[in-house]
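Q: Sharing a structure below in structure tokens format, with a few things to ask.
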Amino acid sequence: MTLQQEIIQALGAKPHINPEEEIRRSVDFLKAYLKTYPFLKSLVLGISGGQDSTLAGKLSQMAIAELREETGDNALQFIAVRLPYGVQADEQDCQDAIAFIQPDRVLTVNIKGAVLASEQALREAGIELSDFVRGNEKARERMKAQYSIAGMTHGVVVGTDHAAEAITGFFTKYGDGGTDINPLHRLNKRQGKQLLAALGCPEHLYKKVPTADLEDDRPSLPDEAALGVTYDNIDDYLEGKTLDSAIAKTIEGWYVKTEHKRRLPITVFDDFWKK
């Protein structure tokens, strides 16, 4: 088995999908989890206005609405959380995403004050954060807020991770990578677009340039610029296609380098890091 085949198998990626079937699969998956643990009453997700959170948010709201109808439990709710750092440049996209999702509840937590307070506390301890590390601080503060909300609403935090993100480890460890349940796992980027199109999402929300937008020195830095490969490259790789060797090597390099992000904390019994 080649490394490409191993990666595809590990991430559950498929070359072709039926969007309607995958929508149903994700919704039923979320419903089944909540039914298994009836003390859970909410799904919580941060909404950024990008493709991934828009899709995960819509699937979460669909799952909650169906489960509420089936069980008669009106305590069930989907909570969409806006988590700007100060003023968000693409705020209108966030509002458009919320209008499309139609969540039961919308909360806004501006993380800037918390991030600056943490940065100042570290500075007083003699640690000056780089712009890159400050970006990770933002991602972790956002997740901290979501877990606080979930803790107070008997909820679970929904993640937006998918195969095209997992393969490169393009997420912050214990930030946006630290979630409870990931309904998009297995899908690549273009497949996520197919699901949103099938759901009637406004095109500009899934055709916009993907960006984590965490760094102050490089605002709205495109994911593809940071990775050195395009999402089309990554999707082709996950679909089993043959790529230029340099591109394939870059993708595989990211996968190996970020293996620790896809695992629980390393123990004495782990040996993947010795490769």
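Including glycine, each Cβ sits where the backbone N, Cα and C put it.
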Q: Out of Lys31, Lys144, Lys189, which one does Swiss-Prot list together with Gly46, Ile47, Ser48, Gly49, Gly50, Gln51, Asp52, Ser53, Thr160, Thr211 for ATP?
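A: It is Lys189, as the record lists it for that site.
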Q: Could you measure between Thr160 (ATP binding site) and Arg140 (deamido-NAD(+) binding site) for me? Cα positions, answer in whole angstrom.
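A: Between the alpha carbons of Thr160 (ATP binding site) and Arg140 (deamido-NAD(+) binding site) there are 15 Å.
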Q: What number of additional C-beta atoms lies within 10 angstroms of the C-beta atom of Gly46 (ATP binding site)?
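A: There are 27 such Cβ atoms around Gly46 (ATP binding site).
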Q: Counting only residues 6+ away in sequence within the same chain, which have a CB under 8 Å from the CB of Gly50 (ATP binding site)?
A: Asp93, Ala97, Leu205, Lys208, Pro210, Thr211
Q: Write out the long-range same-chain contacts of Glu165 (Mg(2+) binding site), meaning residues 6 or more apart in sequence whose Cβ is under 8 Å from its Cβ.
A: Asp52, Phe171
